[in-house]
Amino acid sequence: MDNVIRRRTPGARLARAVLYTVLILAVLFYLMPLVVMLFTSIKPLDEIRAGSLLAMPLDPTFAPWAKAWGEACTGMRCEGVSVYFFNSIAIVVPAVLISTTIGALNGYALTKWRFKGSELVFALMLFGCFIPFQVVLLPMAQTLGWLGLSSSRAGLVLVHVIFGIAFTTLFFRNFYVSVPSELVSAAKLDGAGFFRIFWRILLPVSAPIIVVSVIWQFTQIWNDFLFGVAFSAHDTQPVTVALNNLVNTSTGVKEYNVDMAAAMIAALPTLVVYVLAGKYFVRGLTAGSVKG
Amino acid sequence: MSTVTTSTRPVDAAPGRTAAARLQAWLPRLVLSPSIAISLFFVYGFMLWTFILSLTNSRMLPSYEFVGFAQYARLMENERWWVAATNLGIFGGLFVIICLGLGLLLAILLDQRIRQEGALRTIYLYPMALSFIVTGVVWKWLLNPGLGIQAMVRGWGFESFTFDWLIDPKMSVYTLVIAAVWQASGFVMALFLAGLRGIDDSIIKAAQLDGAGLPRIYWRVVIPCLRPVVFSAVMILSHIAIKSFDLVVALTGGGPGYSSDLPATFMYTHAFTRAQIGLGSASAMLMLGGVLAILIPYLYSELRSRKHG
């Protein structure tokens, strides 16, 4: 828009100053928790007790990070969050790949091979984006039991794939709708088949939406807590569940610096993705939640 | 919003007689069928299943002894449920309103040709990439009276400063609002900013020619144009509010006592740790009802606006 405060009158200059002040206050509000988390995670305990929340670390140490990674107690066990960090990776990677692949094929079939009722199918699947997951928890627990997948990483992968498909299908469907169909029609006339057209025509232009879908699914699944806590056991917990256990384990002295280091470790993967690919992250957020 | 109309013509594979051609014609449906089956079973089937469980007297294990709507009646007499439901009203209401206000304010300010706009946007939005568990853990640390913000401000010389909402049953639910606003308001800002950038300049130029001042232009011209964005944002935010579970677990644990319980934590506690599967299912169904109550008007207006172009 072009309607900016630009005139150089004193009033305008004052308005400009107020504007920047508010924006910088907001920066402080959003950054403060991250800064405190980082500072606390590298302070020794006595410095935390004696000093102020925002005080710079005088004697930075990475010992809390090492402890959070390898030794801190999460419930009964004391082997840090590393095991659970790798659990999360082992759950996230297959779940993201499978749900994105299925979503891509679904979106393709729903847009380039329409059939009677394909819009209905889409609407039917879309509803899965909106349900509160509490409504599927109990039946899911029982079904995982029947499948022999209770408390297993494979079970969590399955759950995340099942409830991720609605989102990935939505992403790809809305993307492929805007890909011109002329080329597809021509290829069909030439006798090219379903998968061949997908492979040769759609897939080469899909890079942006694949990135959006992968980032969205990665963030959702990495940050999941509800499914993690409901369907995992001690040795299969994702890192969010372990973090919560670590913070709430009350044996001996409360080590705030270790808590914060563990929180940083749990937060880093999604933060890194956000910093590296923020544009796609935002696009996923708006596509995943605005589009009905 | 997504458009349904496209240039795709339903080109069915030529009505060839060969099996291969027939397979080709059915392939799209075949590819979709596992997802359809999954959706029917794991979404719709499970909703029905939970509804059935809510009609039984299941406790530790699911049983199928039907007791009609007795669990719903029990829920209505359960004080803890009412605390959770009231908390959702307080939490959801404040969360939505503050996020909208803050998001709109930041979006309008950012839209004034700000230096470093990209960096500011990145900072405002990063909390959305975090897990609610991380957010809860951090804010629990900030809000703990002994070493957190209260201690910090007292250390500055304001000895009587008190900020102990986390351990005050009357105020604990507001700590959820603070943390949730911190996490989601940047996202609302991004939605509004996209909306602002989409507004046609000529409308504003016309208003300027009429001699309207900037605040007036925003209030009378720009903000009304953002109505669809407000609508989507309210939808998304109330959806987040109803589903809020992790944040409560990590920040307050529902406490002190059960003063900051929300329906999502109520459901989990009763179904998974207190062996009240029937009651938990009934509360899950009410949560679904809540989501439908905001979703259906939204979809209705979406479809209507689509029809009217």
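Glycine is no exception: its Cβ is also placed from the backbone N, Cα and C atoms.
What TrEMBL lists as domain 'ABC transmembrane type-1' is A:85-277.
Look at TrEMBL and you will find A:17-39 (among others) tagged as transmembrane segment. Beyond its flanks by at least six residues, the transmembrane segment (A:17-39) meets 5, 53-57, 260, 263-264 of its own chain at Cβ-Cβ distances under 8 Å.
The transmembrane segment annotation in TrEMBL covers A:84-108 (among others). Sequence-distant contacts of the transmembrane segment (A:84-108), counting only residues of its own chain at least 6 positions beyond either end whose CB sits under 8 Å from a CB of the stretch, comprise 69, 74, 125, 153, 156-157, 160-161, 164-165, 167-176, 198, 202-203, 206, 210, 213-214, 217-218, 221-222, 232, 235-243, 265-266.
Taken from TrEMBL, the feature transmembrane segment covers A:120-142 (among others).
Feature annotation from TrEMBL assigns transmembrane segment to A:154-176 (among others).
The transmembrane segment annotation in TrEMBL covers A:197-218 (among others). If one looks beyond the transmembrane segment (A:197-218) by at least 6 residues along the same chain, the residues whose Cβ comes under 8 Å of a Cβ in the stretch are 92, 95-96, 99-100, 103-105, 108, 112, 160, 164, 167-168, 171-172, 175-176, 179, 183-184, 187-188, 269-270, 273, 277, 280-281, 283-285, 287-288.
Under the heading transmembrane segment, TrEMBL lists A:260-282 (among others).
Outside the transmembrane segment (A:154-176), and at least 6 residues removed from its termini, the chain residues within Cβ reach (under 8 Å) are 91-92, 94-96, 98-100, 102-104, 106-108, 110-112, 122, 125-129, 133, 136, 140, 144, 147, 202, 206, 208-209, 212-213, 216-217, 220-221, 224, 227-228, 231-232, 236, 238, 284, 287-288, 291.
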